[in-house]
Structures are given as C-alpha cells and as structure tokens.
Amino acid sequence: MASKSNLSFETRAVNHPNPLVKRLFAIAERKQTNIVLSADLTTSKELLGIADSLGPYIAVLKTHIDILSDFNQDTIDGLVALSEKHDFLLFEDRKYIDIGNTVQKQYKGGVLKIHSWAHIVNASILAGEGIIQALDQTIREAGVQDRAILILAEMTSKGSLAIGEYTRASVEIARKYPDTVLGFVSTRELSKHSPNAPSTEDFVVFTTGVNISSKGDALGQQYQTPTTAMQGGSDFLIAGRGIYASADPIASVKEYQDAGWKAYKQRIATDKP
Ligand code: 5BU
C-alpha cells in the first residue's frame, strides 16, 4: 500500500521528487492552510480584489479565466503579483479535453496563454493518454520547474460519468508521468489500495465540492465538508461559493482554513498506513 496521507506535508515534501509539490507543501505548512479558493468571479476587479483580501489564508488560487468579461494582460500581471505577494500558487481549472495537438495550442497560446502564468492545470483523460503526453511535452520543452498537471479523475456533479474504469485509467496514466502529473482532482484518495502502486508514489489529492453549510446546488453540484474530505484522503480542499459568496468572506475563509487544518492535523496524528 502506498498511502502517504498519514504523513505530514513537511515529511512528504522531503521525499517528493516534484519541485512544485515541494513548494506547495511548504506553502501549506508555512501558512497553515490547505484551502484552494475557487475564485469564480466574472470581472478582473472582483477576482483580483478577492485574491488580495483572501490571499493570506489560502495555499492555491483556482481560476476559470475564461469567465472574465474583461480579461486582459493586466489581469494576469495582477494574479502573478498577488501570488508572489501572498505566497500562493495559481491553478487554472481549464479541464482540457481534446486531442493532444489542440490542447498544446490551448495551453501555450490563444489570448489566455495559460502556460505562461498558471502553475497548475487540469485535464480529463477521456480522449486518452495523448492529452497528458501533450501537456507533459509542453512543460518539458519550456524547461521550467514550476508547472504541473492534475488529472481530473472524478467529478462532484450528480450523474458524473468520471467513475469506475475512467477513474482507474486516470491513476494508471498518472503513474507514467511522475515528473509532471502531481495528482488528481477527485473526491477522495485514489491510489491507496491500488495493487500496482510503487512504494515511492505520492499523488496529491485536490477535492472540489467542499462546503461547510450546504449539501449542493440547484444544478447538480454535490458537497462534502472539509472534515469528510480530509478523512477520505484529500490533501487540498477547493471551496468557492461557501467562501466568496458568504456575507463575510474573510471570516468564512478562516473558518474553512481552521476546519481543513484541524482535520489534516487529526489525520496525521491518528491515521496508520
Ligand atoms: P463551488 O462554488 O464551491 O461549488 O465551486 C466549485 C468549483 O470547483 C467550480 O469552479 C467548479 O467548476 C469546480 N469543480 C467542481 O465543482 N467539481 C468538479 O468535479 C470539478 C471542478 Br473537476
């Protein structure tokens, strides 16, 4: 069994081969937070405003850059400056899903130039391994140390077909790209009971659909709490409306930060491999 979730981020950082994961774990320990803010705001002013005010409490800022009505280079410059100011990584939730050749163009180019600023992107393996090969190649060609991929292995929406064989194949493909695939977007730890797992394997689990006070929304979203997500082997908790749409986003982000960190501390104190 290759579960690393009973170990502290600090210990995992020491042994982890990926420099971006080392940096992510170091940020989490330094700021005592495993919160990923899903900042689904639709103007640059709102996005940069929330990133600045909540930046001190988060490890990663997750964007949907294509929902901005006024996207421009200043938006990117602002995000990069805030990620340095507050010490968080940028994750563009682009969910690439196409043939490798197209995805390379979408990742590197267009108006969004996602590779130039997002530390982390995610992709579905519905189209096969070529998509991961394409993103991996782009990252290697650029020769940078701080770009990586999450495979979208499960989804939180009702009726999601990202289950079963699709999820198993996500893990198998991730294993082939240890330098650039840092883990999964999934509702729980996936590789723990896998018979093929090498003992050094340490995928990072990002979990969406985290909300303290709601069970879901009217369009199929399904939530779990920070505590249940952490008990299921999640490492980083992605929360959006539960934080930014609350009456007091700073109080809310602190509440999520406390809940996530407490559950993390409990897990490393009690969980056994
Ligand atoms: P919410 O406001 O906390 O419901 O936002 C959830 C965010 O996570 C939103 O940006 C979604 O696009 C994203 N998401 C998700 O909700 N479920 C998934 O399975 C994946 C992403 Br992958």
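Including glycine, each Cβ sits where the backbone N, Cα and C put it.
Substrate binds Lys62, Thr156, Gln221, Gly240, Arg241 as TrEMBL records it, and from the list Asp40, Asp87, Asp98, Asp179 the residue named for this site is Asp40.
For Thr156 (substrate binding site), applying a Cβ distance below 8 Å and a minimum sequence separation of six or more within one chain yields Thr187, Thr208, Gly209, Gln221, Gln222, Tyr223. Per-residue confidence over the domain 'Orotidine 5'-phosphate decarboxylase' (34-256) averages 96 (mean pLDDT, predicted model). Taken in sequence order, the recorded positions Asp40, Asp98, Arg241 that lie near ligand 1, meaning a CB under 6 Å from one of its atoms, are Asp40, Arg241.
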